[in-house]
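**Q** Pulled the feature table from Swiss-Prot, pasting it below:
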CROSSLNK  LYS20  SUMO cross-link
CROSSLNK  LYS24  SUMO cross-link
DOMAIN    159-222  domain 'bZIP'
REGION    23-57  region 'Disordered'
REGION    30-93  region 'Minimal transactivation domain (MTD)'
REGION    159-185  region 'Basic motif'
REGION    187-208  region 'Leucine-zipper'
Amino acid sequence: MALPPSPLAMEYVNDFDLMKFEVKREPSEGRPGPPTASLGSTPYSSVPPSPTFSEPGMVGATEGTRPGLEELYWLATLQQQLGAGEALGLSPEEAMELLQGQGPVPVDGPHGYYPGSPEETGAQHVQLAERFSDAALVSMSVRELNRQLRGCGRDEALRLKQRRRTLKNRGYAQACRSKRLQQRRGLEAERARLAAQLDALRAEVARLARERDLYKARCDRLTSSGPGSGDPSHLFL
């Protein structure tokens, strides 16, 4: 069953500059020409033979002479796959097996994401959100936060620091509002207490004013009646 070519390999081949290489022309049949050098005498003797896309199992088999352009495609694909294998820590044998199968190169990780993919970025955001919650960021000191951020990306570190600063400012503003509200309630309670005291004092002043008027009226009657007139015992009632 024929396997489709790897999109990653084809993209690399499309970006590969072939103009700097000379295409080897094969002599046509029946035309005399210089003998063609075998692959054993070329610099590519260490490269395994090029497999066909329709027969991936023929990598190690001996094949006939191929056109130069197909060899360049094969070398570009092999170099790209082997370079990806070395970057991922794969051995040359594993890279060759991946090349034979024409499958995507796996990436080490808990979910097998590709580097820089949206899935990997989303998983990293989730892990950091679980590790650095809002409460943890607020209670954490700057030194502790810098120590915890070692190994994180620069963008993630800046985002978490900005998040902590925002939470700190928000908490400070909320604390100020709560303090002002508490002071306002205290002042309103004090105002109500003083108003009640003022009303009580006004009532007391009114009572004293009535008593003053009563005593003044009695004094006026005593003054108008003159000395020795009548029995003054009624003044003490």
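Using the three backbone atoms N, Cα and C, a Cβ is placed for every residue, glycine included.
Distances, neighbours, how buried they are, the whole picture for these features please.
**A** Across the region 'Basic motif' (159-185), the prediction's mean pLDDT works out to 89.
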**Q** Could you give the number of helix, strand and coil residues in the domain 'bZIP' (159-222) as assigned by DSSP?
**A** 64 helix, 0 strand, 0 coil
